[in-house]
Amino acid sequence: MEYPALGEVVDLTELPKLDEKVLLNELKARYAKDKIYTYIGDILVAVNPFRDLGIYGKDASDKYKMSKRASHPPHIYAVADATYQAMMGHSGNDPNNQCILISGESGAGKTESTKLIIRQLIELCKGNTQLEQQILQVNPLLEAFGNAMTLMNDNSSRFGKYIQLKFKHGNVMGAKISEYLLEKSRLVRQSRGEENFHIFYYMLAGLSQEQKQKYSLGPADSYRYLSNGAQCLKKHAERLSMAYEEVVNHMDLVGFNADEQEDLFVILSGVLNLGNVTFEMNDHEAAFVTDKTKVQAAASLLGVEAKDLEEVLTFTETFARGESIRRNYTTEQAEDSRDATAKAIYGRMFGWIVNKINQLLAPKEILGPEAMEIDILDIFGFEHFERNSFEQACINLANEQLHFFFNKHIFFMEQEEYKREGVDWTEIKFVDNQPLLDLFIAKPIGLIALLDEESQFPKATDSTFVQKLNKNLQGNKYFIKSPNAKSDLFTIAHYAGKVEYSASRWLEKNRDTIPAGVLELLQRSKNHLLQLVFKAAFTRTGTLALQNRSSKKRTTRLKKGTPDPVTSKRKLTVGTQFKNSLQVLMERMSVATPHFVRCIKPNNDKLPKAFDDAYVNAQLLYTGMLETTKIRREGYAYRPLFSDFIERYDILLRQPRKDDDKAACLQILQTAGLNGYHLGKTKVFMKLHHIESLAVKLEEISLVAVVIQKVIRGFLGRRYVKKKQAEALQQAERVQQLLHEIEKLGIQGYEGQQKIGEPLPEGYFNEAVYDEPAGDYGFPPPPPPLTEDQITDTTNEETAGTGSDTDDEVLEDEFVPVKTTGMTKYGPAGTKQASMRWFRATQYDKLRQPHGGFAPWFHGIITRRQSEELLRGKQIGCFLVRVGESRFGYSLSFKSENRCRHYMVDQTASGKYVIVGEPKVHKTLNDLVAYHQKHCISNWSGLLTVPCGQAPGECDYQELVDPTTNHSYEGMYFELEPEKKHYQTRRMYHGRKRMEKREVV
């Protein structure tokens, strides 16, 4: 048998020989040829190249749009395309919700894969709206606040996210982000060689000196929370400064307003300054602040009094029987209080960012049952550091849960189905990690349950927790206690290998309590945003619930003064919240069709073109890649019920089918000429190539059906036209007959007038005489008059509201969009008067040039056709910006090679400007114009060149200037003839007065 060349097999299930060495060599050979993507049946394996291969441009994107899987090499875009087609019901699939599970070690490329998949899904929607651009900005925005450099990954996600994209008729309508377990402890301490969250370095590199002074920010090496700050800024200052500008651009585009951004950066600066507050002990063994200026700087930024902040950091005060009892903190307790406060602030700010994004990207309409969903899971990869703590245990638990989900779908459920259906099948063994999951989440002696139990005891310590683990889990083969009885270390044998954990601070991190007095203090903050997040409740999964709604249980709205059951009950621990998050996550993914992407890290040094055989082979072993390849080669990926199969492929028979479902399925398969399938008791079992073959045959029939439809529609159209022609002839004949009757009656009337004066014949008034009966003109009789009961007054009709006096228990925030307000005061959008009021109130001062006029490219409220008339005969790139009449915004019009192009320009919530569909936000319209005189618009290769001014002797924006104000025409770039200018100014003034009188009336 002739073997294919090494590295040329795109699907590992097609290899004639399968073992661990063959798989490794095949992936290595493909990696050396820059072929980083490989299929294992319907599973994609992606090996991180650690460099840009230039394979994600527009040409590659177009190649993987509604394409067949076998038509092109493996690619991450192909996964997005297959998922989108499956959601739409193409290629033999029934329309259904889909989910993409991306897994792998930290640094394997999961986050980049997520961004590429979302980008391709947006391309598949064929949309170019602001919503799509907003969705594309979400991932890089969250990376700035939730990612950090670690030893394993320069851009490591320190939280997990589940992205839900909502679709209707193939178009994206909204999005929602669920975040999991932000590593807040990174804020206050980082391991050697690691960094804090990216945003702090971005701020210090990108803020101006004036802003730094305003936020009380100094050099990076002056902050305790930035252990590697100075070195990072020195090496990458320019890149970090650009990253800050990009973050601001992302926030502008997504919809954060200027005040929200200002409050956010003030609070982050306050957190950095809070970390610099240090303590010492006095003679009374009480902690005190060593440098008052540090606490004053932090307090000022956080909007609280310095004295109050110092008190909550250094002692706690309780009241019993009318007496005050003060308990002073030690230095260590004061430092813990400071760090806990900083972590609480940062954690809630991150939660607010996610919640705000969800509000801004929520669908603007009720989608209904036809809505579909594509979900993408991008969660932290398996981690094994020199020192592993509570965060690594939670991260690795999540990876265990995802590995179980993968095994359940790929091995367990599939093989169980083969047994039930009587398929001849040799069982493929796999490592079931259910016992290890039980070690973590079982009750009452699972690790999380024991941690929660110990967290309830005030005097419990990390040592007592380890002793409890050793006592209750010593018989479990996955739990290995330390040889040293006094050590706080223990080891767990994960599916990816053994990991030694240190129990230091586990109880503190699990409780995640806010120091006494801090909550009340920050709820009184002068910073509105900080006050808001500290008054908010939390959901059962630990996320911030600012909308205070849920999609689950309905409860009666609380009366004023009644304690809130959500906030008054015992606070859930971090471990329990995370366990709840995993449960919700599994429930969501279980009701969707899963697609898997396995990311492989080629080496641990983050080097390009380096393939470490042992390192990669270890990943292949613990992910069960060999077993996955075997089951995908031998198994049946598509398993529809007989009835579903017949409903979809019955048309292939082209003849009456048999009544028996199984016989009918066999008849269809034989007609299609397929081999290698299997008929079970209730299902058809087929491989991927069977589905592709059937899809081709359906497409052939579809093309034939189109031809038949074309012929029949042509015939019906011609018959319809003939019928209408005959009706028109009949109508013409009836009209002629009517005219003839009218003429006849006219002649009779004339003759009657001639007889006036003659005596009337006897008996004239006793009987009416008609010479001829009235003709039948073919007109329907007039409708009878309506009675009062039939008359319906529709002038006061309103859509029924959905308001109620009840609210939801805070389990999870709803998918509710932000309501836009403030524009209605200008009048209904779409009217010229409203656009004029909007411009005068909000835009005039922004567009007025320093010399007092407007830019040469500026035009008033003119139509598209008028703008094209102005651009006619102009050079390519000649442009103008006109005020919109149908909306509060602008339009950019310019001359291209063969036509005029028009783009909407909108104003963001922060007051900046953006061309709809473009990723770049601009502070002013002047900046927007200047930028696109140097940079192309995404779907046009040219540049803006010269402005298109006014037509000679005309000014189309005079009506936008209110003559009753101090706005002057002096300094405009054009000059009207004096008489004409005086006449137009007077006419506009009196016109304005008349309009005001009408408004008063």
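Note that Cβ sites are derived from N, Cα and C of the backbone, with glycine treated the same way.
Listed features, source TrEMBL:
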DOMAIN    7-699  domain 'Myosin motor'
BINDING   G104, E105, S106, G107, A108, G109, K110, T111  ATP binding site
REGION    582-604  region 'Actin-binding'
COMPBIAS  792-804  compositional bias 'Polar residues'
DOMAIN    857-948  domain 'SH2'
Margin query: As a quick check of your reading of DSSP, tell me how many residues in the region 'Actin-binding' (582-604) are helical, how many are strand and how many are coil.
Written below: 9 helix, 8 strand, 6 coil
Checklist line | Secondary structure composition of the domain 'SH2' (857-948) [DSSP: H/G/I, E/B, coil] | finding: 16 helix, 26 strand, 50 coil
Check: Taking the centroid of the Cβ atoms of G104, E105, S106, G107, A108, G109, K110, T111 as the ATP site, which other residues of that chain lie with their Cβ within 8 Å of it, listed in sequence order?
Finding: N48, N153, G381, C599, K601
Checklist line | Other CB atoms within 10 A, centred on S106 (ATP binding site) | finding: 21
Next item on the list: Take the domain 'Myosin motor' (7-699) and average the pLDDT across it for me.
Entry: 89
Margin query: Just to confirm: which same-chain residues, 6+ apart in sequence, have a Cβ under 8 Å from the Cβ of T111 (ATP binding site)?
Written below: N139, E143, N147, N155, S157, D378
Notebook entry, point to check: Which residues in the same chain, at least 6 apart in sequence, have a Cβ under 8 Å from the Cβ of G107 (ATP binding site)?
Noted result: N48, M152, N153, D154, S156, G381, K601, K606
Next item on the list: Measuring CB to CB from E105 (ATP binding site), give everything in the same chain under 8 Å that is also at least six residues away in sequence.
Entry: M152, G381, F382, E383, A496, C599, K601, Q619
Next item on the list: Would you mind listing, in sequence order, the residues at least six apart from A108 (ATP binding site) in the same chain with a Cβ closer than 8 Å to its Cβ?
Entry: A46, N48, G381, C599, I600, K601
Item checked: Listed in sequence order, residues with CB under 8 A of K110 (ATP binding site) and six or more positions away -> I102, S103, G104, S157, D378, I379, G381, C599
